[in-house]
Amino acid sequence: MSSQAPMIEMRNVDKRFGSVIAISDISMKVHRGEVMCLLGDNGAGKSTLIKTLSGVHKPSNGELLVDGKPADYQSPSDALDAGIATVFQDLAMIPLMSITRNFFMGREPTVGWGPFKRVDWKYADRVAMEEMGKIGIDVRDPSQPVGTLSGGERQCVAIARAVYFGAKVLILDEPTSALGVKQASVVLRYIAKARADGLAVIFITHNVHHAYPVADAFTLLKRGSSLGTFRKDEVSREEVLNMMAGGAELESLDAELSEFQRNEQHDDEITEGSLPASAAHGPQSSGARLATGY
Amino acid sequence: MSEATLNKDTGDERLQRVSPVKKTLSRPEFGAVSGAILVLAFFAVAASGTGMFSGSGIVNFLEVSAQLGIIAVAAALLMIGGEFDLSIGSMIGFAGILIAIPAVQFGWPLWAALLFAFSFAMAVGFVNGMLVVKTGLPSFIVTLGFLFILRGLAIGLPRLFANRTQIGGVHDTMAGDWLAPLFSGYVGTGLFQWLADIGLLATNFAGNPAVEGIPASVAWWVALTAMATWVLLGTRFGNWIFACGGDKNAARNVGVPVNTVKVSLFMFTAFSAAIYAALQVMDTGSADSMRGMLKELEAIIAVVIGGALLTGGYGSAIGASFGALIFGVVQMGIFYTGINTDWFQVFLGAMLLIAVLFNNYVRKKALEAK
Ligand SMILES: Nc1ncnc2c1ncn2[C@@H]1O[C@H](COP(=O)(O)OP(=O)(O)OP(=O)(O)O)[C@@H](O)[C@H]1O
Ligand SMILES: [Mg+2]
């Protein structure tokens, strides 16, 4: 893995919007077959970072390399052509358009030639249905406007679309925020499969149960800067949880909760009981080590 | 995932069968088509025996509808793409002048004058579009600017070159020109002669068919409607038009070349205005600075009656065409029945309001449940 050039690399990338510095001096490498999880508070700059990768924003400074070659994308369509598919946080869906039209928006399959080249809507309908079926959503009618879907169904259309078109890099910005347990696990399985297929995956989430099982490495953003990248074997689940929320807040929350629920098993409130009992007290012990980063 | 496969064979229990009637009701052009049938039925009774529905009467109201229809179809694509063009009306006057001055004053062959006017019009459309996409200003404001600029030029240029605001004598330049027949005369004259010969079509005193053929404007109208519908529903570009109007950021983020789409649509409205101008100049033999006044608003009304949303992302070219047909039928119907023409504007305004209310309702329905 390390002998090859990283699939995607950022070198000292800045992005400013007028006087707002959204991200500054970000360097990050994601190799093929690797899942990088981006962590950080709201407004930390995660979405801005991935938008510079997917061609939505041009970096104000710094360099982007894809497959070892400098990438200077003028628009998201260039990034898509290079095999970088993204599930945006706002999903990039058009409510009044059908599932199929949204699924293939910008990448419509055509048949025929010259002036008679037309979109093969039949084929498109079938693929959209199939791909949605794979993610666990049984589409009633592919001509249904996306605006009439539930929030989670809509998210699934965006994910299925990115998975279908992502050839080299798959970027997912909080893809599981609205998903049911079943669909979320399918998405995690997708990520694992993309990794196995040799794609580089960048995954943003606020849910440690989604992040920890699939990620190979975690990059922590805070107020637009990177606090470093941690390999999975260097950090425990609790440390990741700590990184996501800032250790201090969780500790005080933990204390408050135990105050309120003295008689109940309060340890499970945050860790949802999915951790071994010994680890459930992790935040106190391991928080200190990471705290230097803040 | 097992349920998903289960449902495939048994059909989906959450899906009620949508009746064909309801499917038709939710088409964007439904309002315009039924409106057109309504006004046709109304005048078939109210104007019976006035000649409105004789061969030449039909050609009359079709020609009126066709002129508006040509620009309405282009305006529909643009509105679906999320933008307006308020300079269409002025462009009609301006393009007419651009045909007449070179052809009559400079002595250019008519085809050269036509190519010049069409190129110039599309260049203006390009500038319109570039200003909108590059500045992010509302197209309403940008094209309002061009409404005045082009009208001013349409008045100023003929004054400068010919010392008047009307330039006649275009008919003389048409003879033998290879491009002129595209914008004048009739299509299918042979067929109509044959229909008259076998007695299916009335003939005049000289034994010629009462209707010579399909007027060029009507042929353009039908052709442009068919082409626009094909583009919207069948091609990638059509999907991009819907996407741009629905949400241009989302469209851009998934790789739709939003700017290219919008600029081409502005060029297409300018092109359609130039067609209108060419047809009118060759029909009347003259160009006039004041031609096309308020046509941009009529086009927008036709488009909205045709089921398009002012906010973009939804609509139909066929709908806009039928919107234009309603216009033509009512305008000529009022003329034939001898109703005071003052009432035409009252009717227009009322139609617009009804159409907007209806569309609003239909869109809500479309987004609620299907
Ligand atoms: N187009 C823009 N113009 C100005 N400021 C922006 C723009 N986009 C993002 N920002 C600013 O950059 C900062 C980072 O935003 P970003 O969306 O990247 O955060 P995030 O880490 O994705 O947060 P969340 O977890 O809430 O999604 C925010 O303070 C935001 O206001
Ligand atoms: Mg974000």
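Every residue, even glycine, has its Cβ placed from backbone N, Cα and C.
Positions annotated as transmembrane segment by TrEMBL: B:30-52, B:58-79, B:86-104, B:110-133, B:140-162, B:182-206, B:218-243, B:263-279, B:300-331, B:343-362.
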Taking the transmembrane segment (B:343-362) as the reference, which of B:30-52, B:58-79, B:86-104, B:140-162, B:300-331 gives the largest number of Cβ pairs under 8 angstroms?
B:300-331
If I count Cβ-Cβ pairs under 8 A between the transmembrane segment (B:86-104) and each of B:140-162, B:263-279, B:300-331, which range comes out on top?
B:140-162
Taking 3+ C-beta pairs under 8 angstroms (sequence gap of 6 or more) as contact, is the transmembrane segment (B:263-279) in contact with the transmembrane segment (B:140-162)?
no
Could you name the stretch, out of B:30-52, B:140-162, B:182-206, B:218-243, with the greatest number of CB pairs under 8 A to the transmembrane segment (B:300-331)?
B:30-52
Are there residues at least 6 beyond the ends of the transmembrane segment (B:30-52) whose Cβ is under 8 Å from a Cβ of it, and what are they?
24, 58, 60-61, 305-307, 318-323, 325-326, 329-330, 332-333, 336-337, 351, 355, 358-359, 362
